[in-house]
């Protein structure tokens, strides 16, 4: 089969090299000779005599019809060869495209592997930093809290409150940064456990009052009666959400007050933060929970990173609850 294809292709190449006109003339000559020889042999073996009239008639018929047959045959061969060349070109182009796609896919795979490795390295680094960072930070918070229970004058107490609240705030900021990476990797988890709810609210009140006092604002809690003393929740995550909301309210409130209102609807609790700040336009409210978004109308463009509210919304949704402006 391979030899047949080889000889067929060689024949086609030979026809193409000769050209349509020369091949037609050569074909006519060959057919004329064949027709003459065939007629002579036929006459000798069948009739036992040579009829020159029949020979002349056969040769004349062949010479009249052969050029057309050979011409169209040559035309067909040329078209088939052009089609073969076009097909071969298309196959080569397709092979090149496949090779390019394979190379591009290989590069993409290598880039993804590198990205995954960088992500793993980043996660490992953040986990290490988190451990190394929280240990001394918790020590600062704990020791400052112990010292606040001693007898101190007003100046000393204010200094210690500043240290305590600053350490707590720094911890929440660092939690936002850690959670930012966990949210991207869909690895954030909740740690629900029985929590002293009044103690949690007291901690919130202490740092919120301190933040508000620095700007001559008034912070207050509005609690619905008969709230339970113990709740099964993630204390760290809830504190993180409330810290983001309250600190955001403090940043964008120049005068007046900030209120944290807590209401209960059966087993659902609503935490509402109100302030007397400049407010946010309805158009801006559509975007404030987007990652890295900052209010354009704000006079304090550099006041935050734009991740606190976005992370808080993700945490609230992880708890199975809504988060609205």
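Note that Cβ sites are derived from N, Cα and C of the backbone, with glycine treated the same way.
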Per Swiss-Prot, which of 58-78, 79-99 is transmembrane segment?
58-78
Taking every residue in the topological domain 'Cytoplasmic' (79-325), what is their average pLDDT?
81
